[in-house]
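For reference, TrEMBL has these:
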type	residues	note
COMPBIAS	365-378	compositional bias 'Low complexity'
COMPBIAS	407-425	compositional bias 'Low complexity'
DOMAIN	463-613	domain 'Katanin p80 subunit C-terminal'
REGION	357-378	region 'Disordered'
REGION	397-432	region 'Disordered'
REPEAT	13-55	repeat 'WD'
REPEAT	56-97	repeat 'WD'
REPEAT	98-139	repeat 'WD'
REPEAT	140-181	repeat 'WD'
REPEAT	182-223	repeat 'WD'
Amino acid sequence: MGTAKRGFRLQEFAAHSTNVNCAYFGRKYSGVLVTGGEDRKINMWAVGKPHALLSLSGHQSAVESVMFDKSEESVLAGAAGGTVKMWDLEQARVVRTFTGHRANCLCLDYHPFGQFFGSGSLDTNFKVWDVRQKVCVHTYKGHNRGVTQVKFSPDGKWVVSGDQEGLLRIWDLTAGKLLHEFKDHTNAITKVRFHPNEYFLASSSADRTVKFWDLDTFSNVETAGPEATSVRAIEFTPNGEAMFSATQDCLKVWTWEPVIMHDYVDMQWSKLRDMCLRDDKLMGVTLNQSFVGIWVVDLARVMPFSKGEVSLEGRPETSVYMKENTAPKNERDFGKQQKNEAVVVSQDLIDSLKTARIGGGGAEQGEPGQQQVSQSSVGTAMGDSLFDVGMLSRAGGTTAGREEAEAGAGEEAAATSSSSPNTSSGPVGLDFEAFAPTSDPLPREEEVEQYRSDKQVAFELLQKHDIMKDILSARLSKVKAVADIWGRGDVKKAVSYLLALKDKSVLVDAIGPILRNKAVLKLDVICALIPAVCELVRDDSSSKHDKWTALSLEALLEMCSMFGELIAGVCSAAARPSSGIDLHFEEKLEYCQRARKELVGLRPGLDALKRSGNPEIRARSRELDDRLGEVLL
């Protein structure tokens, strides 16, 4: 019996009535594809389906380049006549037309934030356009042949252009000047890709090589190849640990420093135009006259991913202004950790836990001792939280070193993941409702004897459910790691680390102390926190805990009081620069718009909270609704 192929053609279909010139996968979900052809049409497809979702018309000449925006709500298309048009996919109509190139528009790329995109042309120029004002804000000259590739850096500050003779030019967008030229390639540039996390660039060429460039020293540090044929496409993994290169008959997997080729997958995809990652699969699209082919490579059977030596997982999502050096060291551990249901613990239970004995294994570094659990290791959703202990008290070894804390958090998270399978109602065998207070009324004093005491409940939980200790220990370790980064004065990194953990209980512990430190808070930090806190208010699993909801509403009120008017001012049209590219403003506008959208979207949900049985929630939801109406609308 033969083994299944590692790479295969998933489908092939007629995409246009004449030759197909270009194709591009949507990166948001990797489930849609857009194509452009000699018939002057742009067609949109769902991967695996044979019929077009949309067919868009408007160009007067053949379509040479296409691209989705990052939200996949619009499509850019460049034509042989040099015109670039933008289609709104919901309305299926042209909403912008950009004219200025004198020859074929060969390539497109969206700026990572702000309403800008770049286009390269056979006229040897590449231009940067403002989508809002429908104008070219800068034309970059200096290439002697047509520009085949344009790519913005992940932080949006640089852009690289490559041409038909193999010249690469790096530009500083803010200063509008040339930083460096790379002349090592001897034939047309086919793809350029920035490393997702480091100042590192890879380029592929028709000269059959892939070159790696250090952008700190502007030097060629490695070269892969030469191959038997032109290298048509390259793509980094989301975490930047490896890179794929594709020729007309194979796919190769590389790491570098030094360059090592880990695997070779036989593929007969010939005229490959684009490729992207989707989970543990790599997808490619090929063009053959009027036909388009979709190809799939099963990376679970490709080295070094098949042995776990290199991960396909990406970095945790962070905002644009926090991209550099913000992910935890053990990010892969945190990515794999169990998403446990959060715990809210009553003060009486805290007191009882102080003397409760914990059965099971010995204590590890960064977790409570075996004989007792202190208040610092449990905390509450309000008042004396875990984060208060770690962040606001620097004395007497209350926080471990950063490396120890992060390592401890990773180890505890892994332990929690291995011992507690995920279910919709929390870890198996642990009844959170036995101790998690909700909005239900407490029993009268004369009825208390009918219930087991908090101490008895705590003792039985800790005796019978080791998972409870694992949850609280992992929570404490993560809070210590965040607190130690904060204590070192790196506020942005601490908040980014906190959000990357995606642990709602830790967020609840942290938000109060963070907002009490008003002197160190900046607009970007607040805008990063707002979406997470809004999600906490909306989340059904946390809404049953009144303390969480009340704390989240209070936090949003505080953030709106501090920065609401500034967010609204930045988002207003009057604040935008009249001309040119101000990257600092565009960066600020990006995260302010995101925060404002979250706050405006939260308002309808406040109507239900205004009718809550909890008077504190009713009052705070009304106050927040009034405040949002004043500063954002």
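Here the Cβ of each residue, glycine as well, is placed from N, Cα and C on the backbone.
Note that TrEMBL annotation is computational and uncurated.
Residues 21-24, 26-29, 32, 34-44, 103-110, 112, 117, 119, 121, 123, 129, 131, 134 of the same chain sit 6 or more residues outside the repeat 'WD' (56-97) yet have a Cβ under 8 Å from a Cβ within it. Secondary structure of the repeat 'WD' (98-139) per DSSP (helix as H, G, I; strand as E, B; remaining residues coil): 0 helix, 23 strand, 19 coil.
Per-residue confidence over the repeat 'WD' (98-139) averages out at a pLDDT of 92. Remark: secondary structure over the repeat 'WD' (56-97) totals 0 helix, 24 strand, 18 coil, with classes taken from DSSP.
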